Amino acid sequence: MSPSPRFFTEREVARHCTKDSCWVLLGTRVYDVTAFLRMHPGGEALILRRSGKDISREIEGPPHRHSENARRWMEQYYIGELDKTSGSDEAQTLRERRRQTAEQTEGKTTGSQAVEEEEEEEEDSPYNLCSPVDLETDLVDWRKPLAWQVGHLGEKYDAWVHQPVDRPIRLFGNPFLEASTKTSWYWVPVVWLPIVFYLSWSCYMTLAQGTTRIVFTSDFSVLVHKYTFLLLFMMGWFLWSFMEYCIHRFVFHMKPPAHNYYLITLHFLLHGQHHKSPFDGSRLVFPPGLASLMVGSFYAILQYAFPEIIGKCLFVGGLCGYVVYDMIHYYLHYGSPKRGSYMYGLKAYHVKHHFEHQRAGFGITTTFWDHPFNTVIPDEKF
């Protein structure tokens with residue numbers, strides 16, 4: 001049997017109205033959304049203004065009716081029910097009786113001190129804010145690595161992977177393999193920005209020598225001036241934005257055949273795990289080791305398609321675009337941009353991609369490419 005819910009008075013709920021402790025009501029259900037403040041696509045101020053109050057109207061809209069995924073996501077922050085019993089002493093007595101009844105029902109005979117110790121242990125657990133996954137009925141066994149399980153979901157995989165949870169995911173049982181799939185955000189600029197700076201300086205100095213020419217025929221060539229480096233750099237960045245869109249749409253969001261175990265597993269490793277657990281902070285940017293495969297391929301293609309120095313200038317612009325992409329992606333999940341700013345709009349756009357429009361909104365740093373490819377998410381005000 002499920003444990004009886006905790007009960008809170010309206011005064012207790014109203015006291016939790018700060019960034020450190022923010023509670024809201026949905027009817028008579030009480031939610032502690034403190035951990036969600038910085039994730040909210042509309043910014044934390046929208047929730048704080050409604051802290052301690054019923055947000056049923058805001059959930060239903062207008063202007064924004066929250067999706068089923070958003071409602072399902074909210075349930076992980078459920079902590080109890082609103083107790084409307086008049087009189088604080090009477091309410092306290094009723095809560096104590098309900099607690100004792102719950103303890104007896106579940107066979108808890110160790111006393112209130114043991115219960116309190118257990119609650120303290122749960123508060124210290126990294127899983128205390130995770131989605132309430134039923135370990136007995138869920139389609140996968142969360143107590144084991146998921147990488148080798150998801151391929152067996154078949155036709156159920158697509159619906160399962162697009163029901164987000166706020167729960168850490170373990171992909172592999174091998175510690176080395178598992179560690180290779182995780183990285184802190186700061187390793188991206190630490191590893192790649194020195195390469196960007198060095199190659200930028202190298203390309204500019206090479207062009208500054210005034211000996212670089214693009215040869216069209218034996219009788220015709222064009223001198224590449226040093227000041228064209230900035231133009232080539234920005235062209236490389238623009239090229240990356242197109243690659244960013246294509247990789248996200250056609251690779252990360254491929255729909256693997258329901259009968260193909262290996263393609264389902266590959267999809268989950270590449271991007272499915274991010275949609276299943278979109279706020280897993282250790283998996284929001286590419287580990288440099290894995291990213292080097294993509295970066296190396298990008299470099300090889302440009303060197304093959306263009307003269308050496310031109311390809312290198314385009315590459316360094318694209319590499320810089322990649323670093324900005326990864327940093328923006330991390331910020332869209334954990335940042336709190338100012339309302340009305342460009343990043344505010346991007347955050348709202350990206351969160352809608354996760355929770356409502358998984359087959360649209362593939363741009364991360366810009367929505368530019370969504371327009372010509374007709375994958376723009378309908379505009380909504382938050």
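Placed from the backbone N, Cα and C atoms, the Cβ positions cover glycine too.
Look at TrEMBL and you will find 5-83 tagged as domain 'Cytochrome b5 heme-binding'. Among the features that TrEMBL reports, heme binding site is placed at H40, H66. Residues or ranges marked as compositional bias 'Basic and acidic residues' in TrEMBL: 85-101. Marked as compositional bias 'Acidic residues' by TrEMBL: 115-125. Under the heading transmembrane segment, TrEMBL lists 185-207, 227-247, 284-302, 314-332. The feature Zn(2+) 2 binding site is assigned by TrEMBL to H271.
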Long-range Cβ neighbours of the transmembrane segment (185-207) (under 8 Å; 6 or more residues past either end): 224-226, 228-229, 232-233, 281, 284-288, 291, 295, 309, 312-313, 315-316, 319-320, 322-323, 326-327, 330
Other parts of the chain folded back onto the transmembrane segment (314-332), taken as Cβ under 8 Å at six or more residues beyond its ends: 185, 188-189, 192-193, 195-196, 199-200, 203, 232-241, 243-244, 284-286, 291, 295, 298-299, 302-303, 306, 343, 346-347, 350-351, 364-365
Residue distribution over DSSP helix, strand and coil in the domain 'Cytochrome b5 heme-binding' (5-83): 32 helix, 19 strand, 28 coil
Inter-residue C-alpha distance, H40 (heme binding site) and H271 (Zn(2+) 2 binding site) (nearest angstrom): 21
Under 8 Å by Cβ from H66 (heme binding site), counting only residues of that chain that are 6 or more apart: I59, E60
List of residues, in chain order, with Cβ under 8 A from that of H271 (Zn(2+) 2 binding site) and at least 6 apart: V251, F252, H253
